[in-house]
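Novice: Before I ask anything, let me first share the structure, which is written out below as structure tokens.
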Amino acid sequence: MTPALTALLCLGLSVGARTQVQAGTLPKPTIWAEPGSVIPQGTSVTIWCRGSLEAQEYRLYKKGNSETWDRQKPLEPGDKAKFSIRYMTDVYAGRYLCSYRSPTGWSEPSDPLELVVTGLHSKPSLIATPSPVVTSGGNVTLQCGSWVGFDRFILMKEGERQTSWTRDSQPAPSGGSQAMFPVGPVTPSLRWTFRCYGCYSNTPQVWSLPSDPLELVVSGVSGKPSLLSQQGPVVTSGQSLTLQCRSDVGYDRFALSKEGAGDPPRRLGRQPHAGLSGANFDLDPVRPSHGGRYTCYGGQNLSSEWSAPSDPLDILVAGQLPYKPSLSVQPGPTVTSGENVTLLCQLWSSVDTFLLSKEGAADPPLRLRSKHRAGQHQAEFSMSPVTSAHGGTYRCYGLVSTSPYVLSQPSDPLELLVNGPSTDPGPSPTGPSSTAGSHWYLYVLIGVSVAFVLLLGLLGLLLVRHRRRGKGRKPGAADPEPKDRGLQDSSSSAAADQEESLYAAVQDTQPEEGVELDHRNARDEDPQGLTRAQAATSHAPSDVTYAQLNRLTLRRETSASPPSQPGKPPAEPNVYAALALR
């Protein structure tokens, strides 16, 4: 290439570049607002424009205005300028652009900045359906609505980088307008806090007040806490109510959520209690709106993830419906353990369901569908078989399916007394319709029969004892002295070669004090040596004396016989018995 051609090419490139600069082809600046582009009414905001170090002047333009909105000299080191709005109003709301001028000409305009003022209309509501509690990886729908007829709704996610979504409004079923925003999948690694606004289509940069913040609870699989009510599941309007969330896991914070409400869960810090971590959520005074199903969660401060939900707890508000049911019991308020018991709840007014509540019980009330009988609505709560644990004070309520957590007036209290088990309960009743009369008659009949048999047995024993005593006092047929109650000795006049055997049988008698039965005295009175008062003589081959004694003590002595007469065999030694009462 010749030097002349090279010079011409360089001259052409230089002229082309200069022509582009003069036509405004400098790099476009960037524009932003601090503290943000959504500014509450009455607060200040700063708009920044950054260009080149060669910039000599910055200008700010607002769309819709033909003139320059403002112009500023660059700040050191010269690559940016500041435009301040001290008091934000709807006049400043709109779209802004900026540009800068250098020695070579003007730059292209920046991308537009939309500056929004909030707080000029009433705030909408923001709820999550079906619940603000979402499992990790799940989806949820956020509903922004208002009674004001907004044309649009804007949903904003709070965080370092604010993200917003805009949707046209739709008529709400209950009146007003609303917009639905699907969100998800949610993860515990981020904070999911939202607000929403409403606006009109002719002033899209003038928004309402923000809704209350809604933070989604991302539940995980860590140990679930327990949820209970100090006052029980059935409460009345106006009283105090405390829900306790407890866990043996060392959670730092707790959240309470009400099913279907869509409101953000209430949060409390850890409150140690009896070695457990937990929190007390006060809901007082109780209002009808407090009725519903609640769950609670535990979480750690260093994680945005929450635990698995507790088992649900239903809170029922009584006294909101104008009618009052009646409560009765069959077979009666006092029963024996093992019987079948039926509690009957009745109401003339039409209800869908009856509830039976036991005073002081933490368990949820029993529920039964209403049945229409004999012009009344009723439900039969059976306890079969009844135990001592069933004893207590009961009340029943009616409710309608459209308001399942709002109850009627309570019935009058009914106290059920359960006695200990019966010794012979008899056959089990076949159902709740069994009556108490047959049971009590059976128990009485059994008791009377047992008492009668025992009385007959006692009388028989007394009669036998009396007869035996009578036999003991009756004198023998050959007794020479019928008044003598003692034993008399007996002797045999048989031949000398036969041995004497003496049998003394003493019956169950008790001789009078001071009376001594002496074998020797009887021998002296009977010279022939033969007596038969309760004695028998036996000619056994051996010389044996038998004595059967009852309640007596025997003293045996042996005395020498008087000298025998000539011509007679020698007499045997006398054996006598002296009986004395001890």
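Placed from the backbone N, Cα and C atoms, the Cβ positions cover glycine too.
Pulled these features from TrEMBL for this protein:
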- 1-23: signal peptide (SIGNAL)
- 34-118: domain 'Immunoglobulin' (DOMAIN)
- 40-105: domain 'Immunoglobulin subtype 2' (DOMAIN)
- 129-219: domain 'Immunoglobulin' (DOMAIN)
- 161-180: region 'Disordered' (REGION)
- 162-177: compositional bias 'Polar residues' (COMPBIAS)
- 230-318: domain 'Immunoglobulin' (DOMAIN)
- 236-303: domain 'Immunoglobulin subtype 2' (DOMAIN)
- 258-284: region 'Disordered' (REGION)
- 330-419: domain 'Immunoglobulin' (DOMAIN)
- 336-403: domain 'Immunoglobulin subtype 2' (DOMAIN)
- 412-434: region 'Disordered' (REGION)
- 440-464: transmembrane segment (TRANSMEM)
- 469-582: region 'Disordered' (REGION)
- 516-526: compositional bias 'Basic and acidic residues' (COMPBIAS)
- 534-551: compositional bias 'Polar residues' (COMPBIAS)
- 563-572: compositional bias 'Pro residues' (COMPBIAS)
Novice: What counts of helix, strand and coil residues does DSSP assign across the domain 'Immunoglobulin' (129-219)?
Specialist: 0 helix, 50 strand, 41 coil
Novice: Counting CB pairs under 8 Å, which listed stretch among 34-118, 230-318, 330-419 touches the domain 'Immunoglobulin' (129-219) the most?
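Specialist: Maximum Cβ contact count belongs to 230-318.
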Novice: For the domain 'Immunoglobulin' (34-118), what are the DSSP-based totals of helix, strand and coil residues?
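Specialist: Output for the domain 'Immunoglobulin' (34-118) reads 0 helix, 44 strand, 41 coil.
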Novice: To what whole number does the mean pLDDT across the domain 'Immunoglobulin' (129-219) round?
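Specialist: For the domain 'Immunoglobulin' (129-219), the model's average pLDDT rounds to 90.
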Novice: Summarise the domain 'Immunoglobulin' (230-318) as counts of helix, strand and coil residues per DSSP.
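Specialist: Secondary-structure breakdown of the domain 'Immunoglobulin' (230-318): 3 helix, 43 strand, 43 coil.
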Novice: So how many of the residues in the domain 'Immunoglobulin subtype 2' (336-403) end up helix, strand or coil by DSSP?
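Specialist: DSSP composition of the domain 'Immunoglobulin subtype 2' (336-403): 3 helix, 37 strand, 28 coil.
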